[in-house]
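Comments concern the structure below.
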Amino acid sequence: MAFKKLLAVLTAALSLRAAQGAAVEKRATCSNGKVVPAASCCTWFNVLSDIQENLFNGGQCGAEAHESIRLVFHDAIAISPAMEPQASSVRGADGSIMIFDEIETNFHPNIGLDEIVRLQKPFVQKHGVTPGDFIAFAGAVALSNCPGAPQMNFFTGRAPATQPAPDGLVPEPFHSVDQIIDRVFDAGEFDELELVWMLSAHSVAAANDIDPNIQGLPFDSTPGIFDSQFFVETQLAGTGFTGGSNNQGEVSSPLPGEMRLQSDFLIARDARTACEWQSFVNNQSKLVSDFQFIFLALTQLGQDPDAMTDCSAVIPISKPAPNNTPGFSFFPPGMTMDDVEQACAETPFPTLSTLPGPATSVARIPPPPGA
């Protein structure tokens, strides 16, 4: 989405909040005493309690949270104005990946999402909410469970999808940078900088299906924290593979136990995106601000923001990220500036400290049940 469209989305959201704030009679007090912009938001507190206990294991930033965040992107990005009128009923963030899961979770880029869809479906049925709204809500709550994440926005009002999204709309890790930039521009006129913002989600992510023999390989050494360490470690020279070396979409990583996607490697080094990538290193405030912005835009792809209800008050506030160094980012033990493959020609790479101690392996994340 171009900046002017992103600004329009945010302006609409803020205008809606202002209108709701001015019309006091439209606000509601839920049974738990929380005041929300509309009575329809109250049901989401019940959903929140349920999924925190029974999906996210008491509010953890684990595999179920990671896959819920992934599901938001894979549902939303599957929209293509360029395919109109063939896909005229496909509305991006509409829950089609859950409604038509037997079709969409068999698409190659969606492999592995059938498990989180299976885990989420009973909550949709139990609470009587739409799949599109639930996917956005679960993703926002999942992020709130990860220390360092922004205060997430959540709007309701997504009608159920009436047809599955076409195949071929979700970027793959083996796609070229050109292909991925073109795909996100087609989906919502997102530019190359906003693509980098989206990939901030890989700060709290792991691969379950790139290597068929090993699941739960994190993309950075702090997969339970929403921080900029992902943007550091993707710029370090690769030294080996945790599993096999012939997996499509994987390149060598700098740390044992870590998975590096080919697409992340290339975007971190492409002239169009390298400086934006580097800009997140040691800059937690920018990371938080930009991701909050892009997450809202993704969850409203194909929707009319003016027709949606702001229920952001239901989303918990994340804990702050632990401050390992003054700026949050660091070099893993045994690594220094000499290991950086810097691609941004405009600004120097930030000065970072190296964590003390011997080099260690990144621990795997147990995948969701049934994965």
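All positions are counted from 1 along the displayed chain.
Glycine is no exception: its Cβ is also placed from the backbone N, Cα and C atoms.
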Given ranges 234-256, 349-371, the stretch to which Swiss-Prot attaches the annotation region 'Disordered': 349-371
One of D75, D114 listed by Swiss-Prot as binding Ca(2+) 1 at the site of G92, D94, S96: D75
N283, N323 - the residue Swiss-Prot records as N-linked glycosylation site: N283
Identity of the Ca(2+) 2-site residue among S200, S203 (reference: D220, T222, I225, D227, source: Swiss-Prot): S203
C275: disulphide-linked cysteine among C146, C344 [source: Swiss-Prot]: C344
Cross-link partner of C30 (disulfide, per Swiss-Prot) out of C42, C61: C42
Residue among C41, C146 that, according to Swiss-Prot, closes a disulfide with C61: C146
Number of helical, extended and coil residues in the region 'Disordered' (349-371), per DSSP: 0 helix, 1 strand, 22 coil
Pairwise Cα distance for N283 (N-linked glycosylation site)/I225 (Ca(2+) 2 binding site) [Å, integer]: 14
D227 (Ca(2+) 2 binding site) to S96 (Ca(2+) 1 binding site) - Cα separation in whole Å: 30
Of the binding-site residues listed as H202, D220, T222, the one whose CA lies nearest the CA of D75 (Ca(2+) 1 binding site): H202
